[in-house]
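Trainee: Here it is, the structure in full.
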Amino acid sequence: MPLDPSPTLNSLGFAKPPAETRVVVAMSGGVDSSVVAAMLAEEGYDVVGVTLQLYDHGAALAKKGACCAGLDIHDARRVSEKMGFPHYVLDYENIFKDAVIDEFAESYLGGATPVPCIRCNERVKFKDLLETAKDLDADCMATGHYIQRKSGPYGAELHSAADANRDQSYFLFSTTPEQLAFLRFPLGHLPSKEDTRALAEKYGLSVANKPDSQDICFVPDGDYASVIRKLRPEAAAPGDIVDTDGRVLARHDGVVNYTIGQRRGLGIGGLATPLYVIKLDAEARQVVVGPKSMLSTRTVPVREINWLGDEPFQSRDAWHLAVKVRSTRPPTDAIIRPISDTEATVELTSPEEGISPGQACVFYDTDSSRIYGGGWIHKG
């Protein structure tokens, strides 16, 4: 008797009907996650929407371009009511403050330029929320991120989004293989954000024309300095602006007001050569400035590496990959030399300016859209 053919997989990769496949959708209240939830509900999946209350407890009701607070929660609930699936709001404010906001402030005090969105994905959404999804007996968790999950010979692989302008791989490099096995990203293959909004119109969602979220969600109007001053008043302590020889050039009103690579607003005039911020020394309360040439570097120390390759990270003396050292910059060719399973020296083929501790260094394949993980840039 011939063997039965392999069972047909549904669109989420499970060998059972959508109605028997439970998927928790992480809903921020924006158009992306709303479309994911509506799309899966339309396909007949057993959808459960979950929104995290991360901050403000409603104080941001009227804030535009935020997520996970105030009106966004109501928007997510309206989508669930329209599409007919349950929706839950979980209070994660304390977890979010401890895991993301406090570290954001501490990192800045330490002279780094942190990326809190990565820590939020790593420590809140893809950790605690993912465990909540499992507690709800979900088969998987779906999000509205623009990134792709593809099946490879050794398991699920992380790939850049089809729309390079919307690609969020820089913010998701720390996704572990175990998390990736459970996650789904239904929007990653779409050619453009216009396609997402067209789907929102198709499903009749009220968020179809809602603006995209901007900046850091817990920072009003992009004024991160005010948030840090509130959390850590010592960040506003005045100090000296000095050159690389320690010569005092001016005074400043808190290192929190400066970033690596900054030129304007230093209060230094009359010099033949323009000066840029090249280092922040929060402990000494010093802003160190120097010529633009000192912003360039080819060697980047990276730690806390999350490796997503098929071979062990230390199986080679060097990996020839492309890396991103800022979310807004394209990948550049580099040689990655492992020091341990979680630490490496990255040698850039071409020097980059303004590389700052606290930023991520994300690894990409040079011949495909695959992401090989990444790590955090540390002080040399």
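Using N, Cα and C of the backbone, Cβ positions are placed for all residues, glycine too.
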Trainee: For the ATP site, Swiss-Prot lists ALA26, MET27, SER28, GLY29, GLY30, VAL31, ASP32, SER33, LEU52; sort out which one of GLY144, GLY152, GLY155, GLY188 goes with them.
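Mentor: Swiss-Prot lists ALA26, MET27, SER28, GLY29, GLY30, VAL31, ASP32, SER33, LEU52 binding ATP, and from GLY144, GLY152, GLY155, GLY188 it also lists GLY144.
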Trainee: Using a Cβ-Cβ cut-off under 8 angstroms and a sequence gap of six or more, which residues of the chain neighbour ALA26 (ATP binding site)?
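Mentor: Listed in sequence order, they are SER33, VAL50, THR51, LEU52, LYS125, LEU129, MET141, ALA142, THR143, GLY144.
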Trainee: Considering each pair of residues in ALA26, MET27, SER28, GLY29, GLY30, VAL31, ASP32, SER33, LEU52, GLY144, all listed as binding ATP, report the largest CA to CA distance in Å, no decimals.
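Mentor: Those residues reach a largest Cα separation of 16 Å.
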Trainee: List the residues of the same chain that sit at least 6 positions away from HIS145 (site 'Interaction with tRNA') in sequence and have their Cβ under 8 Å from its Cβ, in sequence order, or write 'none'.
Mentor: ASP32, GLN168, PHE171, LEU172, PHE185, LEU187, GLY188
Trainee: Spatially, which candidate from the recorded positions SER28, GLY30, CYS120, CYS217 is nearest to GLN359 (site 'Interaction with tRNA'), comparing Cα atoms?
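Mentor: Comparing Cα positions, the candidate nearest GLN359 (site 'Interaction with tRNA') turns out to be CYS120.
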Trainee: May I ask which of the recorded positions SER28, GLY30, CYS217 is closest to CYS120 (active site, nucleophile) if we compare their C-alpha atoms?
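Mentor: Spatially nearest to CYS120 (active site, nucleophile) by Cα position is CYS217.
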Trainee: Can you give me the Cα-Cα distance between GLY30 (ATP binding site) and CYS217 (active site, cysteine persulfide intermediate) in Å, rounded to a whole number?
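Mentor: Rounded to the nearest whole number, the Cα-Cα distance is 12 Å.
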Trainee: Work through the recorded positions one by one (LEU52, CYS120, CYS217) and point out the residue whose CB has the fewest other CB atoms within 10 angstroms.
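Mentor: Looking at the recorded positions LEU52, CYS120, CYS217, the Cβ with the fewest others within 10 Å is that of CYS217.
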